[in-house]
Amino acid sequence: MEGGGKPNSSSNSRDDGNSVFPAKAPATGAGPAAAEKRLGTPPGGGGAGAKEHGNSVCFKVDGGGGGGEESAGGLEDAEGPRRQYGFMQRQFTSMLQPGVNKFSLRMFGSQKAVEKEQERVKTAGFWIIHSYSDFRFYWDLIMLIMMVGNLVIIPVGITFFTEQTTTPWIIFNVASDTVFLLDLIMNFRTGTVNEDSSEIILDPKVIKMNYLKSWFVVDFISSIPVDYIFLIVEKGMDSEVYKTARALRIVRFTKILSLLRLLRLSRLIRYIHQWEEIFHMTYDLASAVVRIFNLIGMMLLLCHWDGCLQFLVPLLQDFPPDCWVSLNEMVNDSWGKQYSYALFKAMSHMLCIGYGAQAPVSMSDLWITMLSMIVGATCYAMFVGHATALIQSLDSSRRQYQEKYKQVEQYMSFHKLPADMRQKIHDYYEHRYQGKIFDEENILNELNDPLREEIVNFNCRKLVATMPLFANADPNFVTAMLSKLRFEVFQPGDYIIREGAVGKKMYFIQHGVAGVITKSSKEMKLTDGSYFGEICLLTKGRRTASVRADTYCRLYSLSVDNFNEVLEEYPMMRRAFETVAIDRLDRIGKKNSILLQKFQKDLNTGVFNNQENEILKQIVKHDREMVQAIAPISYPQMTALNSTSSTATPTSRMRTQSPPVYTATSLSHSNLHSPSPSTQTPQPSAILSPCSYTTAVCSPPVQSPLATRTFHYASPTASQLSLMPQQQQQPQAPQTQPQQPPQQPQTPGSATPKNEVHRSTQALPNTSLTREVRPLSASQPSLPHEVSTLISRPHPTVGESLASIPQPVAAVHSAGLQAAGRSTVPQRVTLFRQMSSGAIPPNRGVPPAPPPPAAPLQREASSVLNTDPEAEKPRFASNL
């Protein structure tokens, strides 16, 4: 070359099209321009390097040291196609292996097991296809489409079309035969499932032997390219050969019918089920839809085959005069009309409703009709059986409910229950089970702990959201509490709890309205989110009120054992329950020595820390806010009650002395045992008054507490049970008025109105009590000074009025109870009223007045009506 050295003979050029162009020396006399033109160098480039645009290779046509760079460039370009080929090979190989997806994870158990299965496919041999691979999935989908097309189109083409050489028909047959031949080859390289061990067989020799023994003969015969042979020999054959070809096509149709394999259909159903899970479809609904479509499709396909067979048999006989086609003069009609009549005849036979347009006359039609009836009866029985099982599986819980209620109806008929009771039982089952029965406890027990807790929290999410106690509690405590709940339903008028019964459960209202019935005329309503009955669980006492369902109530109950089991693990929540219970009792002027002793013990041991103190403050604050929300509503009624006359009975004329107010800093441990100087004088009664102790430590006695107290609803949406006393019959202003002696007879007309003063406040007759003395409730052991008179409202379980011991006075009436009879009640000391969270100080504006010598101390009127803003401040949390 002129002006340059020889080109590097070892360097070759290779573009991205995987073509290699060796650099050849130019011919003699060609000149450098020709060589540069062949190499793609622009003219006039001289000794400059030539470079093609795009992905071409750079060349150095200069002599000297450019040979090494040219060689390196050629090797790099050669690696590109190799990497591309390796990438394609890896992608195709991965399609032959099972992928890591939801279906494979469910089949093999874990991702590691799937990876192990992938390694088995790699080591099994070349072109071994896993039965759960993506490639096999898409291939089976193509085969399904081809099978449906063949099973529908080929019978119609063979039966109703004489010309088999049209272009669409040839294309369809060629394509289907090619696909079936490829499927025949792939079946030798596809792993099979071992039915005994459910393991995928990947050994080529075992796969080949299993396929040869099972479906190979049927697939090979049905995959013979009859259409190809027919196209080759068609021109050299006469009409007789054409008839032979038609007979071969019939054989082809028979072979195609054998291609419908249950294994492929079942595998397809599994894939469809996998898609349904991916799209978050319901399992029952999805499986039911698939089964319905499979059943309907099978019935329609059998009717289609039978219709083609009805016309094919006369066709093979060249339409004899006694066949149904000739009798109906349909030999030369269009194929659509012929197919319609044939299908109608087939469906009439299969459904056993007739013989179609024409009754069978010839022997061949007779046998075809009997065959159709047998097949139709079998299919009809299968259809009815599958449909029945399908309907039952769609809603098994409703079916169980119907079976259960039939047993209930038989039970009611056997015992001859009245109609109203039967209606109540029917309504209970409707509201309790709502038409479905399932063993929820068994279902939850079969789940693991995280899933079970998640379900319980979801089911009770609205209940938790409406309860302040749960809002400030530990989430683990809430979960443990909810997992112990038991669902119950009560009808309107049902007593959920009864007064005087031993408390074994507490209740949480999910939906409904319940009323708290006390011995007074006032009632409290409980709605969604409220709970009640926890005080008896804490004190192991008896119910002090009855709760009756006003509407259908859906409740969650918690037994005392489960309650204590949960609170043992969360002592702070037990103290929270006890704090709320003390606060509630104190707001109605009652106390419980068990709760007070526990609280005093915890206070002395110093278990209350700052964090727990803040939590208890919030809980008590929520409970008090609900009481304050209902207090303005009840204030006018209670004011009217306060303004009425109180001269109905001697006990109602007793005044209440306002005890002095003590601050929290003035209380100490020594105050618990230091008696007040003004109360050290013994009382004439055999029972010493608990108010012989300081008023900062104990509360003054209350006259007829059970007859003058009632429950009040805390808030229209409250979740707490608030207890509020009614106002006493006399206002606080005339407290300094001297008390009349109890022996003064009752003045006619001076009694309070019937709707304001309870009937139990009337004077006792001179005779003895109507019933024996009822023991004090175990849930209120700290109230020996609180006595009850006759109660107008009877106990729910007793049809008579109850009697209790009246308050002892200095001068006992000659016909009243003797002091010796009252001395059997043990003396009890009320502990530390100031420490209770609900202790609201009395009105400081009224100075205390000394009581008459013959009259015991009285508790002042309900502190709920106290309008002093300082008195309404909660003092419990500050004492913690």
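In case you wondered, yes, glycine gets a Cβ from its N, Cα and C as well.
As the structure is a computational prediction, the values presented were derived from the model and not from experiment.
The feature compositional bias 'Low complexity' is assigned by Swiss-Prot to 8-34, 665-685, 725-738. Per Swiss-Prot, the feature compositional bias 'Gly residues' maps to 62-71. For 641-664, 760-770, the entry in Swiss-Prot reads compositional bias 'Polar residues'. What Swiss-Prot lists as compositional bias 'Pro residues' is 844-855. As annotated by Swiss-Prot, compositional bias 'Basic and acidic residues' applies to 870-880. Look at Swiss-Prot and you will find ASN332 tagged as N-linked glycosylation site. Residues annotated as region 'Disordered' in Swiss-Prot: 1-80, 641-686, 718-786, 835-880. Taken from Swiss-Prot, the feature motif 'Selectivity filter' covers 352-356. The topological domain 'Cytoplasmic' annotation in Swiss-Prot covers 1-136, 189-209, 276-289, 387-880, and the record cites similarity to another entry as its basis. For 159-167, 231-254, 313-338, 361-365, the entry in Swiss-Prot reads topological domain 'Extracellular'.
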Counting every protein chain shown, other Cβ atoms within 10 Å of the Cβ of the residue listed as 'N-linked glycosylation site' number 7
Write out how many residues of the topological domain 'Extracellular' (361-365) are helix, how many strand and how many coil, based on DSSP.
3 helix, 0 strand, 2 coil
Let me spell it out: take the topological domain 'Extracellular' (361-365), skip the flanking residues so only those 6+ beyond its ends count, and list any with a Cβ under 8 Å from a Cβ in it.
313-314, 317, 320, 322-324, 327
DSSP three-state assignment (helix, strand or coil) for ASN332 (N-linked glycosylation site)
coil
Report, as numbers and ranges, every residue of the chain located at least six residues beyond the topological domain 'Cytoplasmic' (189-209) whose Cβ falls under 8 Å of a Cβ in that stretch; write 'none' if there are none.
117, 120-121, 124-125, 127-132, 136
Residues outside the topological domain 'Extracellular' (313-338) whose C-beta sits under 8 Å from one of its C-beta atoms, at least 6 past its ends, are 156, 159-161, 250, 345, 356-358, 360-362, 364-365, 368
